[in-house]
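Structure first, then comments.
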Amino acid sequence: MRGYSARIAGNPYIVGSFACIGGGLFGLGIASMSGVLNNQAYFNVFKNPGANAQGAIVASMPAGSIVGALAVTSLADQIGCKNTIILASAIWVLGGVIQCAAINRGMLVAGRVIASISVGLSSTVVPIYQSEITAPSIRGRFVSMQQWSITWGIMLQYFVQFGCSYINGNASFRIPWGLQIIPAIVLGIGMLWFSESPRWLIDNGREEEALQILADLHGKGDRSNGLVVLEFEQIKEQVDFERNEGAKSYSDLLKSGVFRRVVLGSSLQMWSQLSGIGVMMYCIVYVFQGAGLTGRRVNLIADSVQYILNVAFTIPAILYIDRWGHRPLLIAGSILMGFFLCLVGGLQGGYGAWGTIDGSSVWVITGHGSVTNAVIVRSYLFVCSFVVTIGPVSWTYPAEIFPMKVRAKAVSLTTATNWLFNFALAWVVPPALSSIAWKTYFVFAAFNFAAAIHFTFCFPETAQHTLEEIEEVFSQGHTFSAWAISRDVGKRNVQDPVKGRADDEKQGSPRKGIKIFGSN
């Protein structure tokens, strides 16, 4: 008896998109503070936190997420991706309840840390789950939906906070913090109708279940379907080889070829945070305040436009990421973001001056309406550049480049890197904007240009390859000349793995299959 609904599992769009609610929790967590940074009721309850204290409150979310991301290394291997997602949902509900009931900073931080453990779990395991249940031709599309769900979470949280800003009293921030538990409940209960990852099942000796799931996912229940046979044989081949390589451990991450990919995945997540997107997400109120926008609701409206664009411009990436390729998007996105940040920093530096807003010293543009509008528009263009390019690719690329033997550990490490830099920047950016002001934008612009160089030389293309074919991509070498690796490397057809396994069985020898660690 199946432990899932075959009808639901047979629709890749339902399977690939529902788990994205986990990404929505990521977005809800990111935006949970952005709309209260100028809420007087919030200030009254939590004793008017200064720049450093507020930075610590904001940073408590990514801090706990580091723990959650690293926990996936054992959870995904032991209980599977499906059950890890369900566990993450339960933890989020607990953290959300504590936040909603918080009466002091300590309780608020505790609730955010607990909820963020859930975010760390879900932001790591959802891309793994999606990459392992979707067909190669659409894998990038569905994994990139992780980024789209993050933008939806950000936007929905922000608009709820905007609507609640018209409420007087503590309900103006408690209602948004309480409502965020609803998606987690939906995710946890809904996952009961979904299948486990077939790769995890094969790795745990449950091949018949895995074959049936692949048939439901890619062949409308037909076990003899070409794609089903290809995927099943390639996964078995990979698992057999990896079992012969030894036990799963962190030492595997240091092996030739794998370590290269750990560096690529971790650095990609690092660059995604150093791009400056955190400034625009965590501290957008401060950014537009410095641009010269005055009035709480005027600022909130301008912010909301950014969040709408954040959602809308992720759609092209979802539709075309597999066609455009990951490498071109990374290079183009980092260059564009660096360019727009230079424009924002230049306008702020050229037309701004130190002033006082709500008793705080702020670098602000005054008396230059056209410059204020220009800063806002260029901030919008920066966000659009991120969500079309490095935003979705930063989740897709790490989820697909690792051998299954180390995938959970490696992806959790790369995601932990994202949260580590997220944590640091969430704490550092508010004081930076209040001290070096417009120069902050040039710092992040420099990071983007450095990232473009790294992407150009070191990141090979992985789009439209099966997870097993990607092994062939990295076996080509070209560590510092990634452009030399053809997009057709490793392409195989149904007959290749089937014929190879049949020949090996006749000869009575195990099939060695694809090289795992990319050494020549």
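Using the three backbone atoms N, Cα and C, a Cβ is placed for every residue, glycine included.
Worth saying up front: this structure is predicted, and the values here are computed from it rather than measured.
TrEMBL assigns the feature transmembrane segment to residues 270-288, out of the candidate ranges 251-269, 270-288. Looking at 84-104, 105-125, the stretch flagged in TrEMBL as transmembrane segment turns out to be 84-104. Taking TrEMBL as the reference, the stretch among 150-169, 430-449 described by the feature transmembrane segment is residues 150-169.
The stretch in 12-33, 270-288, 300-321, 328-354, 410-429 that contributes the largest number of Cβ pairs under 8 Å to the transmembrane segment (53-72) is 410-429. Contact counts against the transmembrane segment (300-321), taken as Cβ pairs under 8 Å, peak for 374-398 among the stretches 12-33, 150-169, 374-398, 410-429.
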